[in-house]
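Below is one structure; the comments refer to it alone.
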Amino acid sequence: MHKLSCPQAAAVEVSTSAPRSVCRVVTRSRPSIVACHASNSSNREVTLLDYGAGNVRSVRNAIKKLGYTIRDVEKPSDLVSAEKLIFPGVGSYGQAIRILSQKGLVAPLKDYIASGRPFLGICLGLQLLFEGSEESGGCEGLGIIPGAVTQFDTTLGLPVPHIGWNNIAPTRGSALLDGVGDRRVYFVHSYRATPSPTNADWVLSTTQYGGEFVSAVNRGSVSAVQFHPEKSGSTGLDILAGFLHPEEAVAARGGERAAPPAPSPSPAPTSPPSGPHGLAKRVIACLDVRSNDQGDLVVTKGDQYDVREKEGGRDVRNLGKPVDLAARYFEEGADEVAFLNITGFRDCVMEDAPMLEVLRRTSERVFVPLTVGGGIKALTDSSGRSFSAAEVAAEYFRSGADKVSIGSDAVDAAQAYYARGGVPDGSTAIEQISAVYGKQAVVVSIDPRRVYVTDPAAVPHATVRTSKPGPNGEEFCWWQCTVKGGREGRDIGAVELAQAVEALGAGEILLNCIDNDGVGKGFDLDLVDAVSKAVTIPVIASSGAGCPQHFSEVFHSTGAAAALAAGIFHRREVGIEQVKRHLAEQNIPARL
């Protein structure tokens, strides 16, 4: 059985070797600077400050792919002897500062940064450089850069967290960001630093999302980025290469650093950027993974949640191997990959070692965000040991997941929340995981079924006037939430569930639809519109995609931040790149 341990006391994995050569990563727009090379340099080691929260495996894999070995910070003196340091901060601001303080790393980290040795902070690793943050009730930071980190303004109508692929606007040339051009990078955060006269000499790039925020900083050898280069595909590997071996990066670009681009007018802060730039609408490939009748993990796809063939021996539908399919979708341009473990319930989800191994192997080949769902909850194993939901999630994060998806347990949590009068009590998996890893790490998957009504006043649920009348001409409907793979209905609507889990700390909604699943006639636009209007967190539309037009339809007609598909991608009926190019033709921002 895979051993569970507290995320704050996680054993770190030390790399003792690195590949001798690094393969070229190719983009369609321009060659990558991550060129094939064999290096005899003895300076191919980077120190990694992993304080035990969130998915750092992807950072490790990206560093190794670029030909470097990793030395972990295990004690404060390791920072004294470090020659090149990467700090991938993940989770909540208060949790990070607390752990750094407990481990005695705050003062040595400040000393390292002041020494002028190469430093790269990632995501929270950028925010911690500032004087403090509003997050976690207000926290003091490292105080390296003037200014405070504040939450995005949800009153502007933009989904928060800011999740997805956005552009950066460099303020000057640099080995780190030269060559990125108009290629997008991946962000996931609810708080941001803003540029000001007091930190202008630090700001290396900005990004637009309801106004301008700092997306990269640099002064001397100290750099940090708000986005995740390890999750930004070949573009992100180029950026990491620019930090790890800047001289080679500059040489690969012809020996000259690019001049900063001419400033462009900022979009109105009250609406999302439009046109080809700005935050892209995400196209997500979903892999339903379960054991077949022979006990092997396979990717399957149901029709209205039935995953068995309709003829013959009714075997589990087998559409491929999880790791290979995920790698294919990364190469084809998927913005994210989601694994949903739909294998039957177990006494202890941590005994499902094959799913953890799927994540580990996938993270070695896929450099975009990975979500995993299925069995993320508090549990007691067969030997009587109990683990919290945060400890269970920690195993998935350490294995390569960036986000965890919670399904049936979220319905229980929402019903209990309303029974308490709409008061969170900290007992749910959503609250426990988001408190440690941040709300952006928690996705709630909703499986609703359409219920028609003649009179909205006759039901205690949020109803809408439907564009598709019911079988008896009903003009209104609501969506009943289900559990156990759609087999059991509950007396709570999708709108009410979404609002409850947002209040509990979820950062994103994966909105399925049992009625449309596997039908291929398009997303349930009424449902997606109703839920996206009811919450301020991003909503992922799922179930029903059959052609590229269905993606542009859901983005034009609703507030969906992303759209997910499975069967049409697995069977190669529609290609991911085909969907992206269609979106671009429809003037919908997409990462090509």
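The backbone N, Cα and C atoms fix where each Cβ goes, and this holds for glycine too.
Lifted from TrEMBL, the feature list:
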ACT_SITE  C123  active site, for GATase activity
ACT_SITE  H228  active site, for GATase activity
ACT_SITE  E230  active site, for GATase activity
ACT_SITE  D288  active site
ACT_SITE  D447  active site
BINDING   C123  L-glutamine binding site
BINDING   G375, N512  substrate binding site
COMPBIAS  260-275  compositional bias 'Pro residues'
DOMAIN    48-239  domain 'Glutamine amidotransferase'
REGION    252-279  region 'Disordered'
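Separating the Cα atoms of G375 (substrate binding site) and D288 (active site) is a whole-number distance of 14 Å.
When the recorded positions C123, D288, D447, N512 are screened for a C-alpha within 10 angstroms of the C-alpha of H228 (active site, for GATase activity), the residues that qualify, in sequence order, are C123. The recorded positions recorded for this entry are C123, D288, D447, N512, and the Cα of C123 lies nearest to that of E230 (active site, for GATase activity). Of C123, D288, D447, all annotated as active-site residues, the residue with the shortest Cα distance to N512 (substrate binding site) is D447. In this structure, the CA atom of D288 (active site) is 30 Å away from the CA atom of C123 (active site, for GATase activity). The most crowded of the recorded positions listed here (E230, D288, G375, D447, N512) is E230, judged by how many other CB atoms sit within 10 Å of its own CB. If you draw a 10 Å sphere around the CB of C123 (active site, for GATase activity), it holds 26 other CB atoms from the protein chains shown.
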